[in-house]
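Colleague: Handing you this structure, nothing more for now.
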Amino acid sequence: MRPDIADLRKSYEQGELDEAHSAADPLQQFEQWLDQALKAKLPEPNAMTLATVGADGRPSTRVVLIKGCDARGIVWYTNYESRKGRELAAHPFAALQFHWVDLERVVRIEGRVEKVSDTESDAYYRSRPLDSRLGAWASPQSQVIASRAVLVANAAKVGAQFLLNPPRPPHWGGFRLRPDRWEFWQGRKSRLHDRLRYTQQPTGGWLRERLAP
C-alpha cells in the first residue's frame, strides 16, 4: 500500500442528522436527501451501488442508476441474463447504497427484489435514446467476448434489423427493491457520525433507531 494512503483524512462538518429533524417515514427522508443532492449538482447523484449474492454465497457489487422511487420501492433496469440478474433470480434480496461525497452522506437500503411489470419495462425502454435501446440487444452482458469489435458488430447488425424502432429485448427490464430496512448516515466531526436506521414493522410502520457510528 502507498504510505500516504493511510494518512488521508477528512473532518466531516457539513451537516447533522437528528431525530427531531428527520422524517418519520424513510422514503420521505430519502426523497429529501435525493432532492438536495440533485440541487447541489453533484456528479451522477442517481448512481447507487447494488450488492447481490450468488447461489455459492459469493457477494458482488456494481453501480447502477435509480430510475424510479415510490412507496413500492426503488427501481433500476438491466439485462436479466447478467450476473446481477442471475444472482437475483437465485437469491431475490439485495442492498443498495448511495454515497453523496460532497454532502458527506450515505444511504443504505435493504430488501426483497422483484421484476417490474412488462408495462413498466416497455414504457421505460421506449423512453431511452435509440443507441441505448440498440445496445440492450447488442451486449451479451457479463459474458466473455473476444474484443470490443464484437459489440460494434452486434450493434450494427441490430441497427440494420430494427432500424429506428427496436422492441424491448425479452432479457431486459426492470427490478424493484422493496425496502424493509433503511439507514441514513451523516458525517460528523471527530468521527462521531449520525446514523439513523428505519426497520419496517409487522404493522407496516417504521421503527426509527439511532446507531453508534
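Each position is counted from 1, following the chain as shown.
Here the Cβ of each residue, glycine as well, is placed from N, Cα and C on the backbone.
What Swiss-Prot records for this protein is below:
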- Arg9, Lys10, Ser11, Tyr12, Lys67, Tyr124, Arg128, Ser132, Arg191, Leu192, His193: substrate binding site (BINDING)
- Arg62, Val63, Val64, Leu65, Ile66, Lys67, Tyr77, Thr78, Arg83, Lys84, Gln141, Ser142, Trp185, Arg195: FMN binding site (BINDING)
Colleague: List the Cα distance (Å, whole number) between Arg83 (FMN binding site) and Arg128 (substrate binding site).
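Modeller: Cα to Cα, Arg83 (FMN binding site) and Arg128 (substrate binding site) are separated by 23 Å.
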Colleague: Run through Arg9, Lys67, Arg128, Arg191, His193 for me and report the binding-site residues whose CA is within 10 Å of the CA of Tyr77 (FMN binding site), in sequence order.
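Modeller: Matched binding-site residues: Lys67, sequence order.
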Colleague: Sort Trp185 (FMN binding site) into helix, strand or coil using the DSSP assignment.
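Modeller: For Trp185 (FMN binding site) - judged by DSSP and reduced to three states - the answer is strand.
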Colleague: If you measure from the C-alpha of His193 (substrate binding site), which of the binding-site residues Arg62, Val64, Ile66, Gln141, Trp185 fall inside 10 Å?
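Modeller: Near His193 (substrate binding site) by Cα: Trp185.
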Colleague: For Trp185 (FMN binding site) and Arg191 (substrate binding site), determine the Cα separation and express it in whole Å.
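Modeller: One finds 12 Å between the Cα atoms of these residues.
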Colleague: State which of the following binding-site residues has the fewest other Cβ atoms within 10 Å around its Cβ: Arg9, Arg62, Lys67, Arg191, His193.
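Modeller: With the binding-site residues Arg9, Arg62, Lys67, Arg191, His193, fewest surrounding Cβ atoms within 10 Å: Arg9.
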Colleague: Compare all C-alpha positions of Arg9, Lys10, Ser11, Tyr12, Lys67, Tyr124, Arg128, Ser132, Arg191, Leu192, His193, the record's substrate binders, and send over the largest distance in angstrom.
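Modeller: The substrate-binding residues span at most 44 Å between Cα atoms.
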Colleague: Residues with Cβ closer than 8 Å to the Cβ of Val64 (FMN binding site), same chain and 6+ apart in sequence?
Modeller: Ala47, Met48, Leu50, Trp76, Thr78, Lys84
Colleague: Which chain-mates of Ile66 (FMN binding site) that are at least 6 residues away have a CB under 8 A from its CB, listed by sequence?
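Modeller: Listed in sequence order, they are Asn46, Met48, Ile74, Val75, Trp76.
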Colleague: Just checking a number: largest C-alpha distance across Arg62, Val63, Val64, Leu65, Ile66, Lys67, Tyr77, Thr78, Arg83, Lys84, Gln141, Ser142, Trp185, Arg195 for the FMN site, rounded to a whole Å.
Modeller: 36
Colleague: Please classify the secondary structure at Ile66 (FMN binding site) using three-state DSSP.
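Modeller: Going by the DSSP assignment, Ile66 (FMN binding site) belongs to neither helix nor strand, so it counts as coil.
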Colleague: Other than its own, how many Cβ atoms are within 10 Å of the Cβ belonging to Tyr77 (FMN binding site)?
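Modeller: The Cβ of Tyr77 (FMN binding site) has 21 Cβ neighbours within 10 Å.
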Colleague: Just name the most isolated of the binding-site residues Ser11, Gln141, going by other Cβ atoms within 10 Å of its Cβ.
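Modeller: Per-residue Cβ counts within 10 Å for the binding-site residues Ser11, Gln141 bottom out at Ser11.
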